């Protein structure tokens, strides 16, 4: 196994992360408003670009799914998938969602209820009618299109063209040519690593306060800085251990358990809560989302200037774009032996259905508590914040103490699956060469786990995680160009390689997963 690091990527990335973290700790108060203004300028000036990008990627993916290239196998004639369909799908979903889905599935519909789009009156029946549908839109198929395209291109580069690297720059070679190995390529890879760091800062920024509030309620103590640091340390032990064990023994097993626990919690809430309302509200919201899909997709509101699409849709597309290279790289690595069509449809469906399940169950339950007057969740949200809403919702369920503990455990595992995938991916990018089934060195994965933990603790101490997540969105601007490079590279490669590609004509596959054989996925 090749353990040699790529010094031109590794050291600049380490220095960048350490330097930026140090500067944010020292100059947080002055940096925050500057970065906030920059992000506002991006959201308002490039709203059209992010929305057209998302629609454009979706069109390209549809072309790949239904065209002849959808049958292209990501690997050689004898390459078989390494994971069962369940484990593969679980890793697809868990790597990207983290604790974000646990937080926003409850809180986001409440925000839309009190601040709805399209000029709808706040806190009205019309606002309640559309509140969940916008959550389904933001976490639905459009968002997952941003993840699927990079995954296809990286997988094609690694498994079909046999490029011995998982770096994004390598996947842009179809356009960049020899420049992919020069300073342009190195810059792309360093930006990708920083975008991952920022994206993880966002996950930590949501996850740490949420889990801290839940644990504080269970132990009857006030959430504190010390508790937050303990949570980060425990998280670090979990995800570093998983990343150290690798794809097959660590990340796969953690993702499997994550899916079981997530489904179990959702099933409990839908049975213990207002089941018929949850099912009816989701059905109605799905219909509204499908009916208004194009309007939601291209909504910029230049006349009334409510700021809703910039604050929500454009921010989400920018955030997802910033983290897409990381998700795409990880998904590509675990997708050997699949077809392009199989990869795209599973990313879109697993991601979308998993997100919709949580929004339907937890978003529907939360809105029911608000609308029936059982809990004033919007008041709690405005006065105490999102974590307090989470605790209030969980405490309203039967067996609340058990549910709170279960939720905290699930939160630990959810974020751990994202973080261990991230350390694996960052180490892969900063490794000089990876072939076939090789993995980055264990010490390398552990090092990035330690770096992430140190950054998180340092920024938690000074309250700077919000600045990191803001800076990650700024990285999404060059990522816009990266999407174009990846798209053109893939189309160019498919045309060049058409005569020698391996096409799969049936859906029947036989693959090996820990020495067990499965048929038909």
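Cβ from N, Cα, C; glycine included.
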If you check TrEMBL, which stretch out of 136-159, 160-183 is marked transmembrane segment?
136-159
State the residue range annotated as transmembrane segment by TrEMBL; the candidates are 48-66, 67-85.
48-66
Scan 284-304, 347-367 against TrEMBL and say which stretch is down as transmembrane segment.
347-367
Against the transmembrane segment (86-107), which of these stretches has the most C-beta pairs under 8 Å: 9-28, 259-282, 314-335, 347-367, 471-491?
347-367
Counting a contact as 3 or more Cβ pairs under 8 Å, with residues at least 6 apart in sequence, do the transmembrane segment (191-215) and the transmembrane segment (48-66) touch?
no
Per the 3+ Cβ pairs under 8 Å rule, pairs at least 6 apart in sequence, do the transmembrane segment (136-159) and the transmembrane segment (48-66) touch?
yes
Which of 9-28, 48-66, 347-367, 387-415 contacts the transmembrane segment (259-282) most, counting Cβ pairs under 8 Å:
347-367
Folded-back contacts onto the transmembrane segment (347-367), same chain, C-beta under 8 angstroms, at least six residues removed:
61, 89, 92-93, 96-97, 101-102, 105-110, 113, 128, 131-132, 135-136, 139-141, 143-145, 147-148, 151, 262, 266, 269-270, 273-274, 277-279, 281-282, 285-286, 331, 377, 389, 393
